[in-house]
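J.: Take this structure first; my questions come after.
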Amino acid sequence: MRNKNIKKVVLAYSGGLDTSAIIPWIKENYSSEVIAFVANVGQNQADLKDIEYKALKSGASQCIIKDLREEFIRDYVYPVLKSGALYEENYLLGTALARPIIAKSQVDLALKLKADGVCHGATGKGNDQVRFETAYVGLAPELKIIAPWREWSFKSRGELLSYLKEKNVKTTASIEKIYSKDENAWHVSTEGGVLEDLWNKPNQDCWTWTNDPKDAPNVPEIISIKIKNGSVIAVNNEFLSPFKCLEKLNLVGIKHGIGRIDVVENRLVGMKSRACYETPGGTILVNALRSLEQLVLDRDSYKWRQQIALEMSYVIYNGNWFSPFRKSLQAAATELATEIDGEVILELYKGTVTAIRKFSPNSLYSKEFATFDQDEVYRQSDADGFIKLYSLPSKIRAINKCMNKALMK
């Protein structure tokens, strides 16, 4: 049942087909003032050029655009990168990471403007509805939530286009645009269309940013990345802000076809879905960080980091960014990353990233101890006592088996 006592709503507005239709629909069905909120998280900047005009023409009372690019990469992407989180061992969580900062900024604006409610354009089949609404209720439970896709009678893009035509709202969307895309500074995703048949190979329409690896340059490119406390601080000896570092890595990654994956994943809402993800800069960063972790983290710390990564991936994917569990995982990941300092030299070539040189002042690797040549620092005879103690449980278990067999005779 619709709550008609909502006088002012802040909508997470993208300028696409869905949110363009939501503005007149809310006004018609709730008699509410609609304020369009646009979060600039690094999506195609050309799409933002006329977005205020589009929102106002659709019926919004005002359109507020906030540049969140630096905050998004610094406070959301980089911290999670330290944890090593990869959802189902593949997905760098590009969409899932953007939702909490959008929702938080939307809620902050709603409270500032004394709005009664917030609204999103996520469908009733996807994960984003859960991510947005879990954030909303966790940050401001007093705000009412409007989720049009769970309320209105529209069933297709064609019906939405007809509705916009009826309301005299212009849109660049069409029946032919069959792919669902999400883009921010960290990644771009593509779903739908030919991807819904698992027997179909992704065509060029399924890739938005990156060159096809086979069409990438025939000559490898060497780059350097400097890292401090698990965060990238410089690319090719140029010290830049978090967003600018990523922007630079994205450009070089796009050129070399880095960061493409085609996956089938388990959605939070129960079904499986297929998507093509492109995370060029992120893929380069992950390789650089893993290279330094191999040098710096001891065995138990590395095992603990792997456990953190697994738990963090589910927490983020499932929309629990603002939970105490996520914060405790983040604290652990941040502590582990305090000694992840150093420099990595990487080779980029036709979709591959290879760390060819690496250095850390905190490295636990010692050439003197690890050498296969004659050395004077590691006495191999010391291993005798260690092996006897380490293998003691196995020895006792074997002795017990022998004794039990003897008793059975």
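Cβ atoms here come from the backbone N, Cα and C positions, even for glycine.
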J.: Swiss-Prot has A12, Y13, S14, G15, G16, L17, D18, T19, S20, A39 binding ATP. Which one of G121, G124, G126, G138 is in the same site?
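T.: Answer, per Swiss-Prot (ATP site with A12, Y13, S14, G15, G16, L17, D18, T19, S20, A39), from G121, G124, G126, G138: G121.
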J.: So Swiss-Prot lists Y91, N127, R131, S180, S189, Y277 for L-citrulline; which of E142, E166, E265 goes with them?
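T.: Of the residues offered, the record points to E265.
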J.: T123, N127, S189: which of these binding-site residues has the sparsest Cβ neighbourhood within 10 Å?
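T.: So among T123, N127, S189, the binding-site residues given, the one with the fewest Cβ atoms within 10 Å is T123.
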J.: Among S14, S180, all listed as binding-site residues, which has the most CB atoms within 10 Å of its CB?
T.: S14
J.: If I take the Cα of Y91 (L-citrulline binding site) as reference, which of the binding-site residues A12, G16, G121, D128 has the closest Cα?
T.: D128
J.: Taking the Cβ of S20 (ATP binding site) as the centre, count every other Cβ atom within 10 Å, in any protein chain shown.
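T.: Cβ-Cβ neighbours of S20 (ATP binding site) within 10 Å number 30.
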J.: Whole-number Å only: compute the distance from the Cα of A12 (ATP binding site) to the Cα of N127 (L-citrulline binding site).
T.: 16
J.: C-alpha of G16 (ATP binding site) to C-alpha of Y277 (L-citrulline binding site): distance in Å?
T.: 20
